[in-house]
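Comments concern the structure below.
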Amino acid sequence: MQLLHHAQLVTMDEESGGYGLIEQGALVIEAGRISWIGPETDLPAQYADATRRDLGGRLVTPGLIDCHTHIVFGGDRAREFEMRLEGASYEEIARAGGGILSSVRATREADEEALLAAALPRVDTLLAEGVTTLEIKSGYGLDIDSELKMLRVARRVGQLRKVTVRTTWLAAHALPPEYKDDRAGYIREVVIAGMERGHAEGLIDAVDGFCEGIAFTREEMAGIFDHAAKLGLPVKLHAEQLSDLGGAAMAARHGALSADHLEYLGQDGIEAMAASGTVAVLLPGAFYTLRETQYPPMAALRDAGVPIALATDCNPGTSPLTSLLLTMNMGATLFRMTPSECLAGVTRHAARALGLKDRGRLTPGMRADLAVWDIRHPAELTYRIGFNPLHARIVGGELV
């Protein structure tokens, strides 16, 4: 039993509003979970003999959660970055066989060890900023063996590092060249057949897809989600990034955990997400990298009570970003989110976007995933740029 005391505790408890800050707070950890939290002066006598750790007045938040990444991939797309700056659009690059497909070639060619060696430094950068839970998608293999290879690497990341990894099946990311004239065949023979195999092997925690004019239609994704439901797998969707195809509303009707990107989200989608409790995951790194001008409908999302999360969207083409702290600053600066909304977006709401009910808040019964910071006010996490004030990570009650 551990007692962390002399701390400012940022509980992110929804009922408290804002940060849920407890000044001069203490919390007790037993068996990897929070058993008590409150002002230090209110500490129950039963915890008096706990092993004490004085945090020196530091700030403690829930461990950060990056709920949308593509962090396992082969190669890089630095040349594509140059092409965009020379005037080529995301759609033009994709239709010319670049974009996602260039990462597909490199990922197919790489073995598991090479993919793991490339992914771990990216993961370590996130962990160094207080991340304790991480989502990792497939989506750069686009054949069954390569997609499952990516998910095996993702599972190994969780074994080799002190971080919870949630894996997502994203075979419906793009059409590979060998199926360019057989969309139905790809969905049947790779997306669905691979989903069944990956589920049987215990590699899939959720199912995702890219609903866009350059990817998959709303109707195609609905069929994929119907199959995921038969397997008992939750779903999420890349939606309304480049146009409004009604993907978010469709995903919400399927009970999606989240709909992500959402720059072109319309009122129908907002209302459907509010009704289903689907989280809006905003990805300012992609917005920034692509130099987009269409903003997510922040005011309408707030008014409807849609929970809003933030994530890095770490990927080689449109968001080569491995800083959740910078993502928070982008959420505030680009999308006009408040600092408390940004912190909720990488804790409480990010946990909800992954279907995790045991983290993202500092309340009794929650998993003891914590980040300890050398700052005095939680707004500093969003306000400061290029600054990492992490003092320590605590994962499942263990200091790492």
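Yeah, the Cβs are placed from backbone N, Cα and C, and that goes for glycine too.
Predicted, not measured: the structure shown is a model, and the values here were computed from it.
Per Swiss-Prot, the Zn(2+) site holds His68, His70, Asp313; the candidate it also names there, chosen from His5, His238, His377, is His238. Annotated 4-imidazolone-5-propanoate-binding residues in Swiss-Prot are Arg77, Tyr140, Gln241, Thr318, and among His6, His173, His199 the one listed with them is His173. Listed in chain order, the residues near the Fe(3+) site other than His68, His70, His238, Asp313 are Thr69, Lys137, Asp260, His261, Leu283, Ala286, Ala311, Cys314, Asn315, Ser319, each with its Cβ within 8 Å of the site Cβ centroid. Not a single one of the binding-site residues His68, Tyr140, His173, His238, Gln241 has a C-alpha within 10 angstroms of the C-alpha of Gly317 (N-formimidoyl-L-glutamate binding site). Taking the Cβ of Tyr140 (4-imidazolone-5-propanoate binding site) as reference, residues of its chain lying under 8 Å away and at least six apart in sequence are, in sequence order, His70, Val72, Phe73, Gly74, Ile100, Ser103, Val104, Ala106, Thr107, Ser146, Met150, His173.
For the recorded site, Gly317 (N-formimidoyl-L-glutamate binding site), the DSSP three-state label reads coil.
Sequence-distant contacts (6 or more apart, same chain, Cβ under 8 Å) of Arg77 (4-imidazolone-5-propanoate binding site) comprise Gly98, Gly99, Ser102, Ser103, Pro316, Gly317, Pro320. One way to see the shell of the N-formimidoyl-L-glutamate site is to take the Cβ centroid of Tyr140, Asn315, Gly317; the remaining same-chain residues with a Cβ within 8 Å of it are His70, Phe73, Arg77, Ile100, Ser103, Gly139, Pro316, Thr318. In the three-state DSSP scheme, His238 (Fe(3+) binding site) falls into the strand class.
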